[in-house]
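Take a look at the structure below.
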Amino acid sequence: MARQQAPPWVHIALILFLLSLGGAIEIPMDPSIQNELTQPPTITKQSVKDHIVDPRDNILIECEAKGNPAPSFHWTRNSRFFNIAKDPRVSMRRRSGTLVIDFRSGGRPEEYEGEYQCFARNKFGTALSNRIRLQVSKSPLWPKENLDPVVVQEGAPLTLQCNPPPGLPSPVIFWMSSSMEPITQDKRVSQGHNGDLYFSNVMLQDMQTDYSCNARFHFTHTIQQKNPFTLKVLTTRGVAERTPSFMYPQGTSSSQMVLRGMDLLLECIASGVPTPDIAWYKKGGDLPSNKAKFENFNKALRITNVSEEDSGEYFCLASNKMGSIRHTISVRVKAAPYWLDEPKNLILAPGEDGRLVCRANGNPKPTVQWMVNGEPLQSAPPNPNREVAGDTIIFRDTQISSRAVYQCNTSNEHGYLLANAFVSVLDVPPRMLSARNQLIRVILYNRTRLDCPFFGSPIPTLRWFKNGQGSNLDGGNYHVYENGSLEIKMIRKEDQGIYTCVATNILGKAENQVRLEVKDPTRIYRMPEDQVAKRGTTVQLECRVKHDPSLKLTVSWLKDDEPLYIGNRMKKEDDSLTIFGVAERDQGSYTCMASTELDQDLAKAYLTVLADQATPTNRLAALPKGRPDRPRDLELTDLAERSVRLTWIPGDDNNSPITDYVVQFEEDQFQPGVWHDHSRFPGSVNSAVLHLSPYVNYQFRVIAVNEVGSSHPSLPSERYRTSGAPPESNPSDVKGEGTRKNNMEITWTPMNATSAFGPNLRYIVKWRRRETRETWNNVTVWGSRYVVGQTPVYVPYEIRVQAENDFGKGPEPDTIIGYSGEDLPSAPRRFRVRQPNLETINLEWDHPEHPNGILIGYILRYVPFNGTKLGKQMVENFSPNQTKFSVQRADPVSRYRFSLSARTQVGSGEAATEESPAPPNEATPTAAPPTLPPTTVGTTGLVSSTDATALAATSEATTVPIIPTVVPTTVATTIATTTTTTAATTTTTTTESPPTTTAGTKIHETAPDEQSIWNVTVLPNSKWANITWKHNFRPGTDFVVEYIDSNHTKKTVPVKAQAQPIQLTDLFPGMTYTLRVYSRDNEGISSTVITFMTSTAYTNNQADIATQGWFIGLMCAIALLVLILLIVCFIKRSRGGKYPVREKKDVPLGPEDPKEEDGSFDYSDEDNKPLQGSQTSLDGTIKQQESDDSLVDYGEGGEGQFNEDGSFIGQYTVKKDKEETEGNESSEATSPVNAIYSLA
């Protein structure tokens, strides 16, 4: 019956259990501990598995072991007990298991060949050695043979076989001549891995020597030579060239197996004329460049330390100019067992749990066999505290009786591995392993470690105390390692004292004491300076030192980094070095080295000796000046929580004294790689105390400055991280502003690295409505903004933003007032229209009841009307404080409709509408026409009445508070027409067809009470725009026009007083711009921001059609034709002739009259400028616009433009406006075409 496989969760549970088992105890190497503790045996030395010996020497088979008590040894041979006492040649060394087989009294070593295994035993278990295979080295003689000369054709391949006698180990093969000269080898003649000598092609010169194969045997150190070969080469007139063919291996493919970890050697030897070249490749990949190398003139490929990924197909390519051939070698990589997890000795306390793991891999996969004390585990006595789970043995609740030695044997067909691991159960009270009452002396602000090695079973718990106090030292400035060492990160004066370490387990406790003394650092506070001296003078180099008085100070001098010999001309004192009678050989660098037994400090200076007495003694005046060299050898000392001392060695000042040192720092958390200035120090110092911020990983560098300039920065110092602390400040620039009507965005400037003070800097954002008793809302944010949603429209909020890190919160933050988002305001209240006389209309209003934000002004739109006729719509823009306005009536018989709305940043709100009273001379009052939709700004600046209505219904349009400059475009038609006025930013649309359309509109305006800018007007073209505005500033005031294109490029144009209108040039066709005008003296007084768009650029080849030569010629030809027709007409009438009349009133032109359907030949030219959006056709003519209607369209109801009697009107007119008649009266137009039909 097949065994049922366990579910996956069982394996997972087993793995988790194994991971939960406690770690084993490690026995220290202390000899006293090793001698006192009982321990099962452990094999410490043994012979190799394949042990080959020299038959001329005694045989030695090693086996050594340790244990307490000392183990005894015995051997097996070929799996049977080997009785050493019965063989007089075999002995065992004392206190060792090493076997010695002595052949001095005779005997054959071959009789002792076999498989040996050593057993080491004491009362706690038995350990086993590997199975050692003993073999005796052999070097057999070469069989005697007579070799005939080898006859070969010139150019043919040849193989000389060696066939050495089998030896143990295999001999080393090499070829020589009978005169003991080595055979020269190259890519044509070479020796194969099997020892044979291969000739890719034989040449006549190969007969000049003979060839002898030699075998060298390693153990016997002997060389045996085979009888030599002699060659006889048959010559021909010409050696035929041949394509390559393989001499070794044969055929096109072969296979090879190699073991993991061994070297793979692939070989290809080819024949051919000329000699082929060999190249190597791997199918599906590249050769491993790090462990592949070519040998034997590229005929062999060696891959060292083979692994599984080296398996695959390799092929060698042999080629010459006649062709190429390929041989494929399939490589399979197998593996003898190798360790993944070798079992280790396990030392436990009574009652503890543990495990032994024996995990190995191989190809094929090896099997695992457990043994205990040299016997299979299956035949060993049962142990309820032991459980075997494949490659793991689990021990639970171990006792003293559980001690034993376990063997793990893992094997496959290619080899085996054997490992011993003992299980020892100890109950040992804590013991201290170091000397008692040690004295440790350290330098102030340095880092130090106090050691307290201990041992015990179970593993003791270690605690540290200072000066007998009860608090345990761990955390903050202290850190306790698992081995018992106490690290003090930065020594201070108050850390001096007696430290006690206490180790405790269930069997007792042990303690030891360490006395710590803190010493002041050694510092050179007055360093020697660079000097220039004349030959023969006296020089003194100062070196004053401050050190701890309890330490012995030694001051020594170096010259050019070598110890200085103090001769008769020198005097060395405690704080100086004096040189009398300076000579040229005294020039060089002098180093003062002040040292104690704990630390040292160095200072260096350079002495320059001037040989010429006339040379100035001032080196700086005699040599050119330059920037100083960079400082070097930066050192951090006096490490404190909020400060550190930085010391550096100045560089050469290059003949200009150093005036300043700039210390910079870099931190690697917020802005890695960015250097910031920290502080500045005078050039006379080379050491400074730097005040630091908490929790910054500092790195410093120093820059020297003289009158010439700054040096290159020094190399960075080592990093120093300060300890953390709660923030001492909060973020700045806290604001609360709405981005939508129902939210408020809280923003602030984030804190930098030097103000974070700790890890995980974050911000606690609080808010609540102002002047309410609501509880604070709060949220933690890691960025620099937070959006509060679902807020009422434009209400004040109290806002607080507080910094926090892992060490705590910052100070209580200030309360900032912010506002939620604005919305469209309600309509102005009490909008009143009064008419004191016929010339003036007064308007008054009150502020909106719900402004829903900050009012930025009012927009008034009004339009005169008389009956069903509408005038031009006017637009006025007012400041937010203005509540009155007067309109001067241009037409005393018209009424006015007014629409007033307030504005916030969001836009214009609901409008209040009123009408002026009816004038007294209005005979028949008529109902006012429907209210026109507000004028809105589109992207093109042109909005029809239909478009404006749709736009007002679907979106909140931005109304531009300016008076437009208009360019009219009139569509001529006899039906109810629409006049569309094209403006830069506004459009007025009416349903009435006035007789004419004016090119501008005059607006009656009233200036605001305070200083302001209003009525900004923009008239754009494709590449320029004219700007005008109104203001009430004093005369001579300067302004600035600021405009921004759609690419966010901002430009400004200063405007001198009374310089209007202003033209903006270099604009881009078809681009949208925003514009405002503000006072140059007070930027806070600005106009409303408006938007306009330039028109599309015209093509370069566009020209006025009326100036084209072909058009003038055509007109002249038509005029001449008309004149001729008129003459013919008058002649025929004078003769009484008749001409047919074609009725045109109700019948359109037929197909036999195609030219009448081409439209009229009328030409409209308004100021020689094409309409916006028109383009020139390819042939230079103007494309027919939508106003160029057919002849039928010029009549009402499809009537033609002839009199009813069909008479011809001999006139030719050019239209200037497309609407020349009103009502339904038909117009009569004449053309040459009419004249042609009148003659028919």
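Quick reminder: no glycine exception, Cβ is built from N, Cα and C everywhere.
Annotated in Swiss-Prot:
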type: COMPBIAS; residues: 907-916; note: compositional bias 'Low complexity'
type: COMPBIAS; residues: 917-933; note: compositional bias 'Pro residues'
type: DISULFID; residues: Cys63-Cys118; note: disulfide bond
type: DISULFID; residues: Cys162-Cys213; note: disulfide bond
type: DISULFID; residues: Cys268-Cys316; note: disulfide bond
type: DISULFID; residues: Cys358-Cys408; note: disulfide bond
type: DISULFID; residues: Cys452-Cys501; note: disulfide bond
type: DISULFID; residues: Cys543-Cys592; note: disulfide bond
type: DOMAIN; residues: 41-137; note: domain 'Ig-like C2-type 1'
type: DOMAIN; residues: 143-230; note: domain 'Ig-like C2-type 2'
type: DOMAIN; residues: 244-332; note: domain 'Ig-like C2-type 3'
type: DOMAIN; residues: 337-424; note: domain 'Ig-like C2-type 4'
type: DOMAIN; residues: 430-517; note: domain 'Ig-like C2-type 5'
type: DOMAIN; residues: 521-603; note: domain 'Ig-like C2-type 6'
type: DOMAIN; residues: 630-725; note: domain 'Fibronectin type-III 1'
type: DOMAIN; residues: 727-823; note: domain 'Fibronectin type-III 2'
type: DOMAIN; residues: 827-923; note: domain 'Fibronectin type-III 3'
type: DOMAIN; residues: 1007-1099; note: domain 'Fibronectin type-III 4'
type: MOD_RES; residues: Tyr481; note: phosphotyrosine
type: TOPO_DOM; residues: 25-1110; note: topological domain 'Extracellular'
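Positions of the features from Swiss-Prot, shown on the structure.
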residue	record	contacts (Cβ under 8 Å, 6+ apart)
Cys118	disulfide bond	Ile43, Gln46, Ile61, Cys63, Phe73, His74, Trp75, Gly97, Leu128, Ser129, Ile132
Cys162	disulfide bond	Ile173, Trp175, Asn194, Gly195, Asp196, Leu197, Cys213, Ala215, Lys226
Cys316	disulfide bond	Leu266, Cys268, Ile278, Ala279, Trp280, Tyr281, Leu301, Arg326, His327, Ile329
Cys358	disulfide bond	Asp341, Glu342, Pro343, Val368, Trp370, Asp391, Thr392, Cys408, Thr410, Ala419
Cys452	disulfide bond	Met432, Ser434, Leu462, Trp464, Gly484, Ser485, Leu486, Cys501, Ala503, Asn512, Val514
Tyr481	phosphotyrosine	Glu487
Cys592	disulfide bond	Ile524, Met527, Pro528, Leu541, Cys543, Val555, Trp557, Leu577, Leu602, Ala603, Lys604
Exercise. Mark yes when the domain 'Ig-like C2-type 2' (143-230) and the domain 'Ig-like C2-type 4' (337-424) have three or more Cβ pairs under 8 Å (sequence separation 6 or more) and no when they do not.
Key: no
Quiz item: With an 8 Å cut-off on Cβ pairs and a sequence gap of 6 or more, do the domain 'Fibronectin type-III 1' (630-725) and the domain 'Ig-like C2-type 3' (244-332) reach 3 or more such pairs?
Solution: no
Quiz prompt | Considering the domain 'Ig-like C2-type 1' (41-137), which listed stretch of 143-230, 244-332, 430-517, 521-603 counts the most C-beta pairs under 8 Å | solution = 143-230
Quiz item: For Cys268 (disulfide bond), which DSSP three-state class applies?
Solution: coil
Quiz item: When DSSP states are grouped into helix, strand and coil, how many residues of the domain 'Fibronectin type-III 2' (727-823) land in each?
Solution: 4 helix, 47 strand, 46 coil
Quiz item: In DSSP terms, helix, strand or coil for Cys213 (disulfide bond)?
Solution: strand
Quiz item: Across the domain 'Fibronectin type-III 1' (630-725), what is the average pLDDT of the model, as a whole number?
Solution: 91
